[in-house]
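Presented below is the structure to which this report refers.
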Amino acid sequence: GQSLQALSCFPPPWSHTGSLLLAVHFYSLPRAAPLIPSTALGVLLLILSSLLAYAGIRRSLRNASLFSSLCLTMSVFWCGYGVVFILGGQGVLNDTGDFRNALVPGLVTFTLALFIIAVVGFLCREVILAMIASAVSLASAHEVAMHYSTAFGSSAVACNYMIVCLVGGYFALGRILYFLTKEEIALPGTDLAKKKTHEQMQSTRGSMNHFAVSGLILNMLSASVFGCRLLGVTGKLFIGQVPWLWAAGIYQIGICILSYRTMDVLMATFFGFTSILKFAGGYCLLYPIWQPEEPSFPTPFLVVFSILFAVLALFLTLKSPVDGLYLLFYVAYCIALACSPKGFFEGGPQGVDVAIFVASALMTLIHLYNVKASAKIPTGKGAVKALLARSSFLKIREGADLHAPYLGYSKYADAEVLGYACSVLASFAMTMTGDPQAPLATVVIPWVVVAGGILKLLGGSVAFARGKTLESSVFILYAVMWIIWGLTRYGGLYGTTRSFHAAVGIIAFMLFNGFIVFCTLFLNIAWFFYSLAFLLIAVSFLLDAIHALPAGYDIAATLIFGLVSFYCFLSALFNSIFEGSCLPMGRPIVQLSGVGGGMTKCLHLPARKASSVKRIADILKNGGTCGIPTDTVYVLVAACNRPDAVEKAHHSKRQAQDRPMSLWISSLKQLEPAKHLFTPLLWDFMEAAWPSPISLVVPRGEWVDFLGMKDSAKYVGTPQSIAIRIPDCSVTTHLIDLVGPIVVTSANPTGEADTTHHNQVYAKLGDKVDAVLCDGPSPENIASTVVDCTKIDSGNIGFFRVGIIPKSQVKLILILLLLP
C-alpha cells in the first residue's frame, strides 16, 4: 500500500500521456491532414485535464504543494486548450487569425505560470517537477512564437513535450528500481523519503492554503485574455477566448471549495468573487453571437462589488498585508468597469487587467516560494497582529477550534460570509429592470445566476456539511429562486407577457419562505430580518407576475434585502476574524428551554488538562453525570459508588431494555478483590483482550456487590450478565483511576446516532448532563465490539455486536489462550 502511494506522489502518467499526444500532434502539424483530428485531440485533453485535477487535489491534501500546483495548472491549461481545439475542429474558428487569437492569451499565461513553478522547483530542489514545468513552459513559448513567425517550426514545440515524456519515464524507471531492489538503488531525484520528511515538517508548522497558488494563476489567465487585447497581442475579443475564461471560472469555484477545506475563509471568499468576474467576462464575449452590439453593465452592482472587495481586502490585510494590497487591484477593476458602459471591451478595465496579470504573477511567486522554502519572502504577516495585540477592543481569533462548528466536526470552514455577499450582489443586480425587448443586453445573468445561484448553493452545501441545517436550507432555497427568476426575467424566457403559472410558483416559494421566517425566530434576530427581507423580494416577483407592481417597489425591496445581507456579511466577517461580537447577529426572538446554551449552561472542560480531568472526577464523586471522550465515541458516565448517579444516568437516557448500561474499569486490579469469583480462563481472557475497544459480556455474580452500586445495580447489565471493558484511552482510564469503576451508556437518546463530538453531548442530552470533557471529534465513529463470554469455559464465545475490532482478531486471542 505504501509503495502504491509513493508511486502516485510524482508525476502522474496522465501528464506524460497528454505530452505524448501533443508531441505527436505538433510533429504531424506540417502535414496536410494532422495525425490526430482537432476535435479528438480536444476531447482527449479534456479527459486528461480532469485526471490531472484529481491527482493535484488528492496530493495537495497531503501537503505536496508544488506537485499540486503543477497538476492543477496543467489541468486548467489542457481544459481550455482542449475546448479551443474542439471549437477549431467544429469550424467555429474560421476567420484568419482566429485560432491564434483564441490560443495566445492562454499560452502566454501558462508560459509564465509554469516558468514560476519551474524556478521555485529548482530553488527547492524538486528537479523532476521543475524540468517538467520548464519543458511545458518552453513548449508554450515556442507555440506563441510559431503563431507569429513562420521561422519557428512546430517541431520545437514537439521536442519540449518529448522532454516531459522522457523525464516522466526516467522517474518511473527510478521508482521501479527502488522497489524491486528493496530501496537499495535510487536514481538521483527519485528518492521520495527525504521529500516526504521535509513536507511532514512543513505540515506541522500550521495549516496553509496550498490551493491559493492555483487560484492566483487562474486570475492571471482571465486577466491575460483582456490584457492581450489592449496590448495588441490579439486582434479581437470573441468566442474563441471564452474557454479560457469559463475554464478559469469553473476551476476558481473548485479552488474556492478547496480553500474552505484548508479553513481559509477570506481567500475562499475572494476566489468566489473572482469566479463571478470570469463568468461575466465569458458571457460578454458570447453575447455578440446573438446581438451585433456589445452589452452594457449595471453601474450600481459594480459599485457594490467594489465595496465588498474593499471590505474583504481590509480584513485580509489583518492576516497578510500583501494579500490585502493585492485585492485592491480588484477594487480598482470593479470601479473601472462601473465607469465603462461597455465593460470588458473598453480600455480602462483592460488596463487594470494588465496590472492584475503582473500582480498575480508576483503573488504566485511569493505564495509558492513561501509554502516550499524554509526562508520566507516577507509579506507582513504578524505585523498587524502585533499591533492589534495591544488593543483591548479587537482581539484576533486563534487556536485549533477557530473553525470548529457548534455541533460536530467538519472538514470545511464556514461559508456564510460568501453566502451573504452573494445575496448582496444578486439583490443589487436585480435593481436593473432591463429592456423587455432585449433582456440579454444588460449584463445581469452572470451576477444573479452565478453569484445569487451557484455560489449560494456552494455556501448552502458547506453550511450543511457543518451541521447548520436551517442555514443551509435557506441558502439552497434562495439560490434556486435566484437562478429560476434570473434566467426567466433576464434570459429572454419571460418576455412581455405574464403567466398565471409563474404566479403560482412564486406563491409556493413564499409559503416555503414563510416557514423559514418562522424557524428563524428560534435562531437569531439577523437571520429573522434576512429571511423576512427576502419575503419582500418574493412579493415584488409576485406583483410583477400579475401586472400589479407599484413603481419603485422592486427597487426598494432589493435595497432593503441588500442592506440586511450586507450587515450579515460584515457580522460574519467580524466573527470569523475577531473574538467577541463587535457586530452581533442577535439572540433568538423566541427562546426554547433546553435549546442552545451549551458552554454557558453546562461545564465544558478541555481534556488535555489534568486539572479538567480532576474536576470531572470530583463531579462524578459528588453524584454527577458527565459526557467524556473514549477510544471510540463519546459516552455518558456515572460513578459506581454513587447509586443515585447511576439511577440518574439510567433515567436521562430512557434506556431500552435491550440496551443496558455497561461497566468500565481502568485495570483488572479494581476487580482483584473479586478475582476468585471469575473462572481462570475468563480472567486470562480479560487480561489478554484489554485495554481495547472490546466489551466482554460476563456472567453476573456476587462480584457485582464489590462495586458499591447497591440497589442501582439493577440498571446495569441484565439479570444474567454485565458488559465490562477497559477503554484504550489514557484520559478515560486516568479518570477511572481517580473515581473508581464507572457505569457507561452512549451519550445520545436511545435509538439516535452515536455522539462523535463534545458539542453534541449537551445538544442531545441537555440539562441531564452536568459536565462535558472536551476532546474534539471522536477518533473513531464506530462503537466497540461486544463479545459474549458467558460460555467461555466451554471454549465458545459469541458476538452481540461487531464493531471496530473484527471477529477474527477476538477469536485469535482465545485460541492463543487455549493452546497448550
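Each Cβ is built from the backbone N, Cα and C atoms, and glycine gets one as well.
Unlike curated records, TrEMBL annotations are generated automatically.
Summarising the annotation, TrEMBL assigns transmembrane segment to 66-87, 127-145, 151-173, 211-232, 238-258, 265-289, 301-318, 325-345, 351-371, 440-458, 500-523, 555-578 (among others). For 610-805, the entry in TrEMBL reads domain 'YrdC-like'.
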Cβ contacts the transmembrane segment (440-458)/the transmembrane segment (238-258), at least three under 8 Å, sequence gap 6 or more: yes
Interface-richest range of 66-87, 325-345, 351-371 toward the transmembrane segment (238-258), CB pairs under 8 Å: 66-87
Interface check, the transmembrane segment (325-345) with the transmembrane segment (151-173), three or more C-beta pairs under 8 A: no
Positions on the same chain near the transmembrane segment (555-578), where near means CB under 8 A and six or more residues out: 265-266, 304, 308, 311-312, 315, 318-319, 394-397, 413-414, 416-417, 420-421, 423-424, 427-428, 430-431, 526-527, 529-530, 533-534, 536-537, 539-540, 584-585
Rounded mean pLDDT for the residues that make up the domain 'YrdC-like' (610-805): 86
